[in-house]
């Protein structure tokens with residue numbers, strides 16, 4: 001390729017002066033991205049939190065509405081004492097915790113860390129419940 005001579009030219013346009021950019025950058029504060037934890041970190045934190053507490057996980061009023069709705073389908077005009085609903089809730093949560101423990105064991109046996117519907121079905125079959 002042939003060489004060509006460079007000639008001096010008068011600057012017309014081009015980049016803006018550097019100090020003007022600095023003024024523009026500092027006029028608006030930068031938006032901070034929200035921090036994201038690695039996948040699984042928040043789940044492990046929640047597991048540890050709920051294992052420490054003995055509180056009920058399901059809220060009382062939604063559970064009470066569910067009990068009344070199921071009872072309404074069986075027989076009309078049934079009323080429940082507060083203690084009866086809380087005893088039902090305690091038993092339901094104890095059953096669910098045990099069920100999820102067995103389900104987790106089934107998933108671990110299959111060399112998985114994620115539970116699947118087939119794990120619940122296997123846990124119910126091993127417990128003797130109907131599928």
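In case you wondered, yes, glycine gets a Cβ from its N, Cα and C as well.
Annotation source Swiss-Prot lists N6,N6,N6-trimethyllysine at 10 (among others), citing similarity to another entry. Sequence-distant contacts of residue 10 (N6,N6,N6-trimethyllysine), defined by Cβ-Cβ distance under 8 angstroms and a gap of at least six in the same chain, do not exist.
DSSP assigns residue 10 (N6,N6,N6-trimethyllysine) to coil, not to a helix or a strand. The N6-methyllysine annotation in Swiss-Prot covers 10 (among others) and rests on similarity to another entry.
The annotation N6,N6-dimethyllysine is assigned in Swiss-Prot to 10 (among others).
Residues annotated as N6-acetyllysine in Swiss-Prot, with similarity to another entry given as evidence: 10 (among others).
According to Swiss-Prot, the feature phosphothreonine maps to 12.
Taken from Swiss-Prot, the feature N6-acetyllysine covers 15 (among others), and the record attributes it to similarity to another entry.
Per Swiss-Prot, the feature phosphoserine maps to 27; the stated evidence is similarity to another entry.
Summarising the environment of residue 32 (N6-methyllysine), the number of other Cβ atoms within 10 Å of its Cβ, over all protein chains shown, is 6. In the three-state DSSP scheme, residue 32 (N6-methyllysine) falls into the coil class. According to Swiss-Prot, the N6-methyllysine annotation covers 32 (among others).
Swiss-Prot lists 32 (among others) with the feature N6,N6,N6-trimethyllysine, giving similarity to another entry as the kind of evidence.
Taken from Swiss-Prot, the feature N6,N6-dimethyllysine covers 32 (among others).
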